[in-house]
Every structure is written in structure tokens, then in C-alpha cells.
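The next block holds one structure in the form of C-alpha cells; read it before the comments.
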Amino acid sequence: MAAKDVKFSRDARERILRGVDILADAVKVTLGPKGRNVVLDKAFGAPRITKDGVSVAKEIELKDKFENMGAQMLREVASKTNDLAGDGTTTATVLAQAIVREGMKSVAAGMNPMDLKRGIDLAATKVVESLRSRSKPVSDFNEVAQVGIISANGDEEVGRRIAEAMEKVGKEGVITVEEAKGFDFELDVVEGMQFDRGYLSPYFITNPEKMVAELADPYILIYEKKLSNLQSILPILESVVQSGRPLLIIAEDIEGEALATLVVNKLRGGLKVAAVKAPGFGDRRKAMLEDIAILTKGELISEDLGIKLENVTLNMLGSAKRVSITKENTTIVDGAGDQSTIKDRVEAIRSQIEATTSDYDREKLQERVAKLAGGVAVIKVGGATEVEVKERKDRVDDALHATRAAVQEGIVPGGGTALLYATKTLEGLNGVNEDQQRGIDIVRRALQAPVRQIAQNAGFDGAVVAGKLIDGNDDKIGFNAQTEKYEDLAATGVIDPTKVVRTALQDAASVAGLLITTEAAVGDLPEDKPAPAMPGGMGGMGGMDF
């Protein structure tokens, strides 16, 4: 085991604080509408230019291992805030730096770190209550768009596109952001349920121009296993032919004589049919087939349930208004499923989302909810160069997360004023001793940091701006860095999602409290390895002159 380097008390805290300052100083220049960009070097390709706090934080790795500990702890604040709220990472970093700085000074002056931390936690809880009480629910299209515009640094098109996407797919719908080939923003909305499986044979195509198989008002057979034996599906095929309606078959796979017979019948015009593979793999495939069955009011034909293919009747099949199948995707529009059953299914999946600890599983479950409850929208971001596209995509991602957060927990006035005015709720809060009271005062002072930084990035004196706002009696008035005026921020559309502001403060207070209470730091000692010996000559080379 390698030898360890151990630093104690003041020496450890000073080094950790240096790391915190280096990371925070790089991140906080991006805060606010007039925040600057940061250029990130890449081992391959062009450098990346970003104004996204968490992207900057993730790139920073320091040479001194103790300074790096501080930087990595602060990076954790940005990452955690990003995971929970999707935005507010720079605000969280600025708050954490302010709390750590003041806390370290107090510890150096001889105060009890544990009582300081208790005071910080008390104050953070009180401020969160204040934010929740001031929060206003988001109701209309304009408010949703405004949250997106603010988070995307005043880019109106971004805000409008996100609001449009949300309006079309609903609050539960999935909205994804992709890079586009052109210069502009594009919005593609997929109605109904879409899954990534295309037709099994091009002979199923009904529209050769678009290379699409389209079925109007089809029956849908949902089968869990492989289909290779023709005899098992003959009875249901005959029933469908008599009904005169098209048929879509979804199964694990369809091969051999079963597929050949379907293709021949389609070409002869005896049966309008198309076949696709079932989406997903393993247990997830079965769950998705059950979703399709509920959406189309059909039954999943599974031998586990004792249903054999030979015994399937028409009333066991699902149906939909329209099905469209391309080479890659199948879209089921307007399934005949009962709304209350679909709602129950969505609730069941939601409870699975709450229970899961895996990010991947959570993402897949959320996709299933969206496909059942709303739809899928894709925002395609364009630009003149690859660097510009990536920078715009970062901003759209942030704006999308902020908008979702606003829909969940509502909005508060932006520009850092929600936190600044929350200092007034701490006036009546008293700690049990002087050290706890100092912890409360540290948070009170730190709550001014976001307003100060936004003003500073806009070229103003942060302390003067914060002082002027605190001395004023109107908690609706804030400093609008975009217009450089003091005005009613909520009325002019400068708003922040409550969830983003709340999460930023909670994560900052949590990690800052841990750093303040650190008394020793342990790192690996660099090993002095002896230089390797010169390799010996190769055999059989004797007698040669060099």
C-alpha cells in the first residue's frame, strides 16, 4: 500500500479552500445574462466554448491533491444540483464558495465547526420554507416560455420552442434535444406511441414514395414469442380477412414460412398486413408489449397466461386509428385503450420510477410514461459551426430542465432576488449558542452572493447593487442585468424555477457544511521510483560494430 500524506487543521483547510476558489472563480464568470463564456480544451478536435456551469466544473482537475479535494467537493455541488434540477449549477457553486469562505474564517477564529454547521442547516431550512411560500405556480404558455428564455440567457426562440413542445406533448411528454444539420431550430413532434422497430420486410410498404407502411384502423396482434409456424396463426388470419380490416403483428420475431405467407398474402391483395419486431429486450420487452396492449385495448398473447395463438379471437386483438411504419420506427396513433386503464398504468410506472435507484432504469421508465401519457418532441438545434451548435445545445438543455422544474414547483422572482430577500426571514431566527448564530449569519451573508455576482458580471459593483436592494422596502424590485435597471423582475419576465433555487441552496449548504467541519485531509504521497535499467542487447548480435 502506498504511503499517505496527511495534512491537519489550518493547513488542510487552507489548501481545500484554494481548490474551492479556483473552481468557483472559473464557474461564476458564467452567471447571469451578461456572464462570459469559458473555453474548454479538448484532447481531440476544436475547443469547446460553453456558458454552462456544470460543464466547466466537470473539466477542472488540479495538480495539488489537497486543492483538488476542495475542487472536487465543489464539483459535487454543481453535479448534484444538475441531476436534481437540471439548472442552477452556477448559483449553487457561488453559494457554496461564499458559505465555505466565511465558515473557514470562523473556524480559524476558534469557533466550533459542528455548531457552525448546525446554524447553516437551520438557516437553509428556513430559507427553503420561505421560497416555497413565495412560489407561484406556472399556468400559461407565456410563463413557460419566459422561464426558458431566462435560462437560455435571453434567447427568445429557445423559450418559445420549449413552450411549444410542452404544449404539444404535455407535462409528462418526453422532450429531447439533438444537433441539427442546418442553421435553424426545428421542432418535431411524434403523436401517439413510437418505438424503434421498423417493418420486417419492404414488401409490407403501402406508400412507395415515402417508403412507409400505413394501416388505417388496423387490428393489432401482440405476441410475446417468435412466430415461425404458419398453422398457429391461420385461424386469426382468416377472421381478420373476413372483417376486411388491416392487421399489424408485433412479435419477438417473425421468420420462415409465417413471414413468407404474410408477404405473399399482402402482395396478392388478400390481406392488408404488416409485421414488426417487439421493442426492447428481456423483461423490458414484456413490459413494453403490455403497455402497447393497454394503449390499444388488446391482450398480450403469452403462453405464461395460458393463451395459445391457435385460440386467439378478434376481441383479443388491439386496435388503433392509424399505424405508420418506416424502416426504423413504428408509430401507433390514437389507440383504442380505455383512458382510466392507461392512467392506472402510468401511475404504476411512476411508482417504479420513485423506487428505482438506477438512472438508466429511471430514464427508460420515464420514456414509457411519455409514450403512454403524452408523446415525444425533438428539438433540433442548428448553427454555423460545430462549436456553436454544441454551445447552443448546452443552453437549450439548461432551459429545458429549468422549464420542467418550473412546471413542477412553480416560479419565484429571478436575478438572485428570491435568495436576497429571503435574508429577511432569518432575522427572527436564533441559534442555541453564539457559534450556531454565526452559522445563521454566514448563510445570511452568502444569500447576497448570486445578486452580487450577476451585477459584477454585468460591469457593476455587486456590493452596491445588493445594498441598494436590501435597503429598499419592495421585495418585488430587483436588478435586471440585461436592461441594467432596477425594476419589478417578475413583471418583466425575469423569473427562476423555485426547484432550481431551492436545490442550489440545499446542495451548497450540505457540501459547504462538510468542508467546514473537515479537520484532516489524507492523500497519496508521490513515489520516487528509480529510473528503469537499460535493456540488455538482443541475442545473436555479437561481432557487430556500433
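Cβ atoms here come from the backbone N, Cα and C positions, even for glycine.
According to Swiss-Prot, the features are:
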- THR30, LEU31, GLY32, PRO33, LYS51, ASP87, GLY88, THR89, THR90, THR91, GLY415, ASP496: ATP binding site (BINDING)
- 536-546: compositional bias 'Gly residues' (COMPBIAS)
- 526-546: region 'Disordered' (REGION)
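Shown on the structure are the features that Swiss-Prot records.
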| residue | record | CB count, 10 Å |
| --- | --- | --- |
| THR30 | ATP binding site | 22 |
| GLY32 | ATP binding site | 26 |
| LYS51 | ATP binding site | 21 |
| GLY88 | ATP binding site | 32 |
| THR90 | ATP binding site | 29 |
| GLY415 | ATP binding site | 27 |
Fill in: For THR90 (ATP binding site), the three-state class that DSSP assigns
helix
Practice prompt. Based on DSSP, name the secondary structure state of THR30 (ATP binding site): helix, strand or coil.
Written response: coil
Discussion item. I want to verify one value. Collapsing DSSP to three states, which class is GLY415 (ATP binding site)?
Written reply: coil
